[in-house]
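Colleague: Let me begin by handing over the structure; questions about it come next.
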């Protein structure tokens, strides 16, 4: 009798212990976010570069047709409408994340976005020392992070929650960042082998920023990879060649440029795995921007795009509707009638329709690793296809 009772108690304790482990694991994966903190470049810039610009020399993103599909008037976003970060905010039931520069009242409640058009993962001084001297934004990832650290104490004093708790309740979007570290030398004519030498340094810069934010209390990171650059009108124009073997016969993209993007992504995933093992109390999610976009080039019609996905919607000239020096927003440059039928917006950036398609498959876990449990995020929809506002 006593033996049976002991076994029963032992079994109960084992079940209780197992349940505790499952609950703890579930809590570590499933978090109700109260804000989004964003770092990066134009892929996530919601107006920073616009507010940093000279009022007499405003960027193209300050004028139509930028923003024509949603924001009316333009908001400084480099697209015809919403970005991936906007769709993530919608899904989480959070406000669109305002740009830090130009904001009157910066707060955790609204979220904060430090992403700036043209930003690099590596500091400007370092890139110039490597002979990369393009006229890029001097707001690298480390500069963005330092600004955040400087304002963090003020953000916390206005709330009953402490800094670590507030940052722990935030989804931290780390980019995309790093593509400009490669864009500039590519457009200066440097070889792929030369540019490959930058990849470990770019990965280290991203990793260091994540570690700094973990030390500050960050618990959930969404870290995007690089894009299939060989499918972009700007690159297709720059590296245009009549040789058929230089292009993928199925998509028309340039394989060697896409392989470079994949090389960056493999290095990034390896580093994120290392960080996850080192900091097992946080969630580090890799967002596969490469494949979530590349599938649209593979089967454009299936996803509602024209059967000519390599051309820019807004641009002029050539096979890809793109001419360097006559980009979208310049006089005499026209825009397509229906941006939702195009993958690419202006040669360098994507349309709102593309951003939506990418956000859907990242949020549903198809192109996120590991897939995140959004069931307690506050969103009403956790199905395969998410319903965003229009």
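Heads up, the Cβ atoms here are built off N, Cα and C, so glycines get one too.
In case it helps, Swiss-Prot gives these features for our protein:
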- 42: active site, nucleophile (ACT_SITE)
- 346: active site (ACT_SITE)
- 349: active site (ACT_SITE)
- 105: N-linked glycosylation site (CARBOHYD)
- 138: N-linked glycosylation site (CARBOHYD)
- 321: N-linked glycosylation site (CARBOHYD)
- 364: N-linked glycosylation site (CARBOHYD)
- 1-26: signal peptide (SIGNAL)
Colleague: Cα of the residue listed as 'active site, nucleophile' to Cα of residue 346 (active site): how many Å, rounded?
Modeller: 12
Colleague: Which ones in the same chain are close to residue 349 (active site), with CB under 8 Å and 6+ residues apart in sequence?
Modeller: 42, 43, 78, 79
Colleague: Among the recorded positions 42, 105, 138, 321, which residue has its Cβ surrounded by the fewest other Cβ atoms within 10 Å?
Modeller: 105
Colleague: Calculate the distance in Å between the alpha carbons (Cα) of residue 138 (N-linked glycosylation site) and residue 346 (active site), and round it to a whole number.
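Modeller: Residue 138 (N-linked glycosylation site) and residue 346 (active site) have their Cα atoms 23 Å apart.
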Colleague: For 346, 364, listed as recorded positions, tell me which one has the smallest number of other Cβ atoms within 10 Å.
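Modeller: With the recorded positions 346, 364, fewest surrounding Cβ atoms within 10 Å: 364.
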Colleague: Do you see any of the glycosylation sites 105, 321, 364 whose C-alpha is within 10 Å of residue 346 (active site), and which ones?
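Modeller: Neighbours among glycosylation sites, in sequence order: 321.
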Colleague: Could you round the CA separation between residue 321 (N-linked glycosylation site) and residue 105 (N-linked glycosylation site) to a whole angstrom and send it over?
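Modeller: On Cα coordinates alone, these residues lie 41 Å apart.
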Colleague: Give me the CA-CA distance between residue 105 (N-linked glycosylation site) and residue 364 (N-linked glycosylation site), in Å, as a whole number.
Modeller: 33
